[in-house]
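K.L.:
Got a structure for you, questions after.
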Amino acid sequence: MAIRSKAWISLLLALAVALSARAEEEPAAAAEGEAVLTLDVDSFDEAVAKHPFMVVEFYAPWCGHCKKLAPEYENAAKALSKHDPPIVLAKVDANEEKNRPLATKYEIQGFPTIKIFRDQGKNIQEYKGPREADGIVDYLKKQVGPASKEIKSPEDATALIDDKKIYIVGIFAEFSGTEFTNFMEVAEKLRSDYDFGHTLHANHLPRGDAAVERPLVRLLKPFDELVVDSKDFDVAALMKFIDASTIPRVVTFDKNPDNHPYLMKFFQSSAPKAMLFLNFSTGPFDSFKSAYSAAAEEFKDKEIKFLIGDIEASQGAFQYFGLKEDQTPLILIQDGDSKKFLKVHVEADQIVAWLKEYFDGKLTPFRKSEPIPEVNNEPVKVVVADNVHDFVFKSGKNVLIEFYAPWCGHCKKLAPILDEAATTLQSDEEVVIAKMDATANDVPSEFDVQGYPTLYFVTPSGKVTSYDSGRTADDIVDFIKKSKETAGAATTTTTQAPPASEKAAAAEPVKDEL
């Protein structure tokens with residue numbers, strides 16, 4: 001699971017009335033008094049086909065981040081309705097049953113998720129801008145213009161390039177040819193992530209060597225080396241260069257919003273991650289930061305990302321990884337196989353040696369687990385990471401296991417239904433219904449948990465099947481009776497799970513976005 005940000009938002013009442021009057025011609029309409037267009041599965045495709053540029057928020061009514069975003073998104077929609085041409089903002093209740101196919105089609109994994117639909121939906125990009133009204137307006141105005149802006153003078157560069165942000169410039173002898181075409185293609189693909197410019201003169205730019213051989217791509221950034229150049233204009237190579245150059249060698253996890261884009265890239269990366277957590281405001285922070293930066297430099301050729309986090313800002317990460325504040329300073333590695341390695345109360349001068357042990361394969365993995373329950377006599381049995389394999393795979397029983405989150409509304413609704421099913425089957429000694437809090441325990445690799453609740457059925461032979469049948473007690477009991485094996489079956493473990501997109505449509509996402 002990748003860890004996975006903040007707030008948004010109208011037409012005048014007269015326009016809303018006008019839209020309502022044209023309801024027979026136009027099935028998608030803003031609610032009365034709203035500038036944000038409300039779409040559903042019936043009106044979505046028509047709206048996308050009608051608007052060459054449209055922004056869509058996929059939300060859930062219960063989502064706190066969505067509620068916070070709503071007035072900002074609405075205010076932005078009002079302002080952008082006056083843009084020439086108007087910029088359309090829309091929303092879809094992706095939690096509503098009839099709209100679940102849209103959530104599946106567009107891979108909605110958290111709420112709110114905002115996407116930009118260009119060219120009647122031929123080009124779809126994630127919205128990665130601010131979440132307050134003014135920021136939304138500024139960001140989207142840039143998104144409807146050219147993907148890259150020409151820099152004709154030092155004054156243009158000053159107006160376009162923000163020293164606190166990443167800016168990517170193509171320096172050319174002429175605005176034609178394969179290199180220029182490829183640069184503009186990459187700018188179009190990545191325009192929701194970065195600002196792009198192009199120029200004929202390197203000396204217009206605020207940083208970097210002015211005497212360069214053209215063509216060249218120059219990436220300006222506010223961290224590490226402030227200027228990085230590349231002469232490889234192959235599209236894939238150029239995108240790889242940008243991806244590698246746009247994240248700090250050591251990402252900072254604190255409350256500074258300027259760091260949030262780097263945090264997103266860090267946690268979404270599939271590479272192993274080293275994370276050092278400590279209190280930024282007390283203790284020897286400077287010595288730790290210096291030692292950690294030196295370690296990141298020493299191991300820069302290894303496939304690993306580095307993060308330093310303030311415990312005050314990292315509570316979500318602590319909960320996710322099962323860490324405690326009294327263990328800090330601590331360093332944690334999560335590798336590509338989701339194994340975790342932990343050293344608590346680490347000293348600054350121990351960091352490099354501990355990382356070497358990791359790369360040499362000498363560390364023992366750490367597992368997040370609640371304590372094994374001393375009493376476990378309820379109809380639905382409680383399973384934790386430390387006993388899940390014994391309980392599920394070695395018990396010789398048919399086990400239906402639910403992976404849930406305490407905050408999940410669907411899980412709360414399912415709980416009494418599972419209790420009823422378990423009570424009905426209590427006399428069957430070959431069957432067990434169990435549950436695991438997937439936010440407090442590491443989920444075994446045999447199970448793919450993309451949302452909550454997720455249910456699997458495991459037979460004595462080790463066959464693992466995703467449960468996607470009805471959610472009544474009778475449905476569950478009927479499924480178990482039809483699917484169960486006797487205890488003496490063969491012992492081959494196989495997994496039959498549907499694509500994550502199918503599961504996402506029937507379960508709450510792993511979490512709201514940060």
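Quick reminder: no glycine exception, Cβ is built from N, Cα and C everywhere.
Small disclaimer: the values here were computed from a predicted structure and weren't measured.
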K.L.:
Which candidate, Cys66, Cys411, does TrEMBL give as the disulfide partner of Cys408?
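P.N.:
TrEMBL says the disulfide from Cys408 goes to Cys411.
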K.L.:
Do you know which of 179-206, 319-346, 487-514 TrEMBL annotates as region 'Disordered'?
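P.N.:
Range annotated as region 'Disordered' by TrEMBL: 487-514.
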K.L.:
For Cys408 (disulfide bond) and Cys66 (disulfide bond), what Cα-Cα distance in Å is obtained after rounding to a whole number?
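P.N.:
Answer for this pair: 16 Å between alpha carbons.
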K.L.:
Got a sec? Which of these disulfide-bonded residues, Cys63, Cys66, Cys408, Cys411, has the most Cβ atoms within 10 Å?
P.N.:
Cys66
K.L.:
If you run through the domain 'Thioredoxin' (366-485) with DSSP, how many residues end up as helix, strand and coil?
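P.N.:
Final tally across the stretch: 33 helix, 28 strand, 59 coil.
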K.L.:
Cα-Cα separation of Cys411 (disulfide bond) and Cys63 (disulfide bond), in Å?
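P.N.:
About 15 Å separate the Cα atoms of these two residues.
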K.L.:
So what's the mean pLDDT when you look at the domain 'Thioredoxin' (17-145)?
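P.N.:
Within the domain 'Thioredoxin' (17-145), the model's average pLDDT equals 86.
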